[in-house]
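Visitor: In case it helps, TrEMBL gives these features for our protein:
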| type | residues | note |
| --- | --- | --- |
| REGION | 104-130 | region 'Disordered' |
| COMPBIAS | 114-124 | compositional bias 'Acidic residues' |
| DOMAIN | 166-276 | domain 'Dynein heavy chain region D6 P-loop' |
| REGION | 305-331 | region 'Disordered' |
| COMPBIAS | 308-323 | compositional bias 'Low complexity' |
| REPEAT | 565-583 | repeat 'WD' |
| REPEAT | 649-664 | repeat 'WD' |
């Protein structure tokens with residue numbers, strides 16, 4: 001057998017003792033007498049069962065270990081390039097009554113899902129894809145300065161005169177958090193304006209002009225994100241500023257900050273006498289020190305640790321219950337330092353005159369590519385060359401957060417631009433949930449689930465409570481969406497749902513019969529949906545701390561759950577996506593049979609979306625018998641994160657990218 005594919009038949013206890021793997025199952029070290037030539041290969045299957053990450057490998061070995069430590073297991077390894085040969089094969093499912101088989105023809109032709117030249121990465125063919133572009137500034141600009149974005153904005157706004165705009169050319173990030181921090185130092189409020197959200201609201205520009213006029217007179221800071229997406233809005237703003245200056249109603253404390261780029265139709269009034277800053281993030285010495293700590297933590301966390309306890313065993317014993325403790329404040333950075341180039345107004349004027357209008361202007365809607373069938377990728381974000389996107393959640397309107405394989409939480413806007421990043425862990429963040437702009441909870445590979453609050457003024461991140469489990473924590477959610485005071489539920493391999501109550505001091509535990517794979521709140525009932533490691537789907541009540549519903553219709557683990565109103569959604573490794581009606585008791589109304597495993601799902605008022613293998617599927621909630629749209633080979637590998645927000649889909653994949661899609 002070639003070096004690209006090696007097979008080993010060893011006792012399960014030997015596999016536990018002599019294998020060390022990374023998050024994606026790459027073998028870091030192995031006993032050469034037991035696994036000769038295995039280092040650097042990827043563990044693909046155990047006794048024929050596909051394992052896509054370290055947690056799945058742990059579960060497979062743990063289950064076999066509890067049955068018979070001397071049992072012989074067959075471990076198949078291969079090179080990363082040859083993983084596709086172990087992808088689930090397409091089979092014809094015998095759909096029972098009520099089942100819906102997704103026709104593979106709807107998914108176009110089959111391609112290698114691990115091919116790095118997949119369709120989604122052919123940037124040249126994606127004409128509407130947002131990319132970060134750096135403007136060349138050769139003349140009439142000061143030498144680059146270095147400092148915190150907050151301090152730079154604070155100083156610039158202090159120098160600004162009434163009617164004078166601050167034009168912020170931001171290379172690869174959204175400065176909204178830095179603007180809020182600077183405004184807090186000045187003790188003024190910030191009015192956020194998003195041109196895309198304004199268009200969605202269908203508010204007439206005449207009505208919006210009245211809002212702008214009042215804001216200029218109130219002494220607030222106006223911050224417009226991606227301002228050049230709507231030149232009409234900028235022209236309206238220019239008219240309001242001109243009228244306020246002529247009428248002497250422009251408040252002395254009012255500041256106008258525009259996150260923008262040069263544009264041939266940029267209003268001249270806004271450029272005249274403006275303070276123009278080009279900001280670009282740079283790595284700091286603290287980042288480099290942090291990277292060294294990360295290297296050490298990776299060495300520790302890549303050990304394959306399997307306990308003798310079966311993951312399907314109930315963790316109702318007090319010895320297995322998580323230990324909850326109050327946290328402590330710790331100093332963190334809300335963003336990197338920036339290089340600053342101060343540009344003269346005349347230079348920005350010339351840059352705008354020669355600029356080409358961006359293709360993603362709001363008046364240029366574009367059309368989806370034929371291959372996507374109604375799903376078009378419009379932006380993509382990568383955190384680092386070796387970072388994996390593991391988890392994803394919605395933060396607020398047009399704000400999303402991703403959890404990474406090395407413990408970062410990054411908040412992104414709809415253009416894929418980072419706004420703020422935290423490092424609450426030095427191990428993989430399996431799940432993250434936000435209850436407000438600065439309140440969030442995490443579930444980590446380091447065996448903890450923590451609840452955090454970020455104090456913007458002090459730049460301090462406080463862990464108000466930490467639940468310490470004995471093993472990986474896979475899932476976390478707030479009992480009520482976007483309610484930071486609601487109970488927080490978490491669970492993982494320990495087969496226990498930990499309920500941290502609103503006081504963040506007391507906790508209760510709901511025993512389960514299997515590992516906890518996924519959690520999501522059911523706002524309409526005040527309950528929480530739980531996906532289990534053996535296919536069990538349960539509903540728990542966080543108030544009474546008991547299980548109120550249970551189903552065994554899935555036969556393999558359920559890593560994907562979602563809820564909207566009375567509609568519940570569950571996705572399983574048994575290749576089925578089930579839709580449930582929860583108006584009274586939980587009833588399965590539809591069973592969609594897929595051709596690959598389900599790793600993420602989402603439901604909204606109009607749509608159902610799912611990640612199956614390397615494909616992204618979309619249905620109309622009222623017509624589940626027919627796929628509305630599909631994007632084949634949307635990513636390399638699998639995707640664990642999926643958010644459906646009106647006409648926007650966001651995915652977070654282990655190939656290291658968060659992708660933003662438009663539904664047309």
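Placement of Cβ uses the backbone N, Cα and C atoms for every residue, glycine included.
Mind mapping these onto the model and telling me what they sit next to?
Guide: Per-residue confidence over the domain 'Dynein heavy chain region D6 P-loop' (166-276) averages 92 (mean pLDDT, predicted model).
Within its own chain, the repeat 'WD' (565-583) has Cβ neighbours under 8 Å at 88, 93, 99, 522, 524-525, 529, 531, 535, 537, 539, 549, 553-559, 589-603, 605, 608, 610-612, 621, 624, counting only residues six or more beyond its boundaries.
Using a Cβ-Cβ cut-off under 8 Å and counting only residues 6 or more beyond its ends in the same chain, the repeat 'WD' (649-664) has close neighbours at 24, 53, 120, 130, 367-368, 374-392, 400, 402, 405, 412, 414-416, 600, 602, 607, 609, 611, 616, 618, 629, 631, 634-643.
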Visitor: When DSSP states are grouped into helix, strand and coil, how many residues of the repeat 'WD' (649-664) land in each?
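Guide: Summed by class, the stretch gives 0 helix, 12 strand, 4 coil.
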Visitor: Mind checking how the domain 'Dynein heavy chain region D6 P-loop' (166-276) divides into helix, strand and coil residues in DSSP?
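Guide: Secondary-structure composition of the domain 'Dynein heavy chain region D6 P-loop' (166-276): 55 helix, 20 strand, 36 coil.
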